Amino acid sequence: MWSSLNEWLWQERFWLPPNNSWAVLEDRDGLVYAHPQDMLLALPLALALVAVRFTFERFIGLPLSRWLGVRNQTRRPVKPNATLEKHFLMEGQRPTEPQMSLLATQCGLTLRQTQHWFRRRRNQDRPCLTKKFCEASWRFAFYLCSFIGGISVLYHESWLWTPVMCWDSYPQQPLKPALYHWYLLELSFYISLLITLPFDTKRKDFKEQVAHHFVTITLIVFSYSTNLLRIGSLVLLLHDSSDYLLEACKLFNYTHWRRVCDALFIIFSVVFFYTRLVLFPTQILYTTYYESVANSGPFFGYYFFNALLMALQLLHVFWSCLILRMICSFIKKGQMEKDVRSDVEESDSSDGEAAQEYPRLKNRAAHRPGAAPTDGPRSRAARQMANGHTSAT
């Protein structure tokens, strides 16, 4: 059964242009071609990268964060409360107003005390700056090395400067060792990102990041298996050209070097818009959609590959909108917000801050239509907490 399924899946009419067969991609006369089974090496290599990453973060990222003055915010732990903890873990971290009132009654607390407990409990689970810095430093190191390595591999190749050359003699294009190693390393890295995703800082664009990783891994595996290495290498290099700038921007943001961070943000935005919204559609998508089938008819692999590239472009547009919002904020306020592009994380508000989640009345009492009143007179500290702090984002 497995052999039948494998034979059906790898039918030549699916993955290769008309009048071509897998036989033309067999190694011969000293020429080596790409074979799908070569990518299996990426699995153990991804696990090795995970080990390298944790070693890097422990012995390089962490000391570097301390040397640059990254300090974690002190957070006092919440008082143990079995009822509230159960709701926090089972029902949700942000109870609705009726749920909050019911929980306050069950625990014998005021509504404000219950709100404060959930706010402090959420803060307790938020990642510290040191963790964010270490994660960003690892990605910066990899993306920078990958970009430099990609430039060194492709600099003397004709298709880097003339994308239409990606289809010269396709699919009979021999595999060069340097290109294979770079391709394998990129695939292993994105697999390692999926492996560590549950342990990394969860961002607001978490679903888009997962979709991006899956699309990227599928593109790498598919392009290698069908010998689309030339156009695939251009896609990888184009993405690496801005990714390391984003991670560098985050590093300086965590260290509060605002001017350097702002300057890098501007450079990153220009590079991102040019590579993702100009070069990618006009050079990559154009050549894969039109020039790839200039000498042959379309086939399933043609449609599949272009569909993946279009999905990638939609993600580019999504992140471009987020960057534009940050640019508008940057122009208005004169400095960049804490969050960079799509890597927006919940801000670390201090434990003493009781964020105003409801509008204030003229007497500064927090109120919302239908809100349950707090029982008992407010203490001076409670009044200060209600009136003297701005809302946390």
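Glycine is no exception: its Cβ is also placed from the backbone N, Cα and C atoms.
Please treat TrEMBL annotations as automatic predictions, because they have not gone through curation.
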Q) What range among 86-129, 350-393 does TrEMBL record as DNA-binding region? A) 86-129
Q. Looking only at the DNA-binding region (86-129), what are its DSSP counts of helix, strand and coil residues?
A. 32 helix, 0 strand, 12 coil
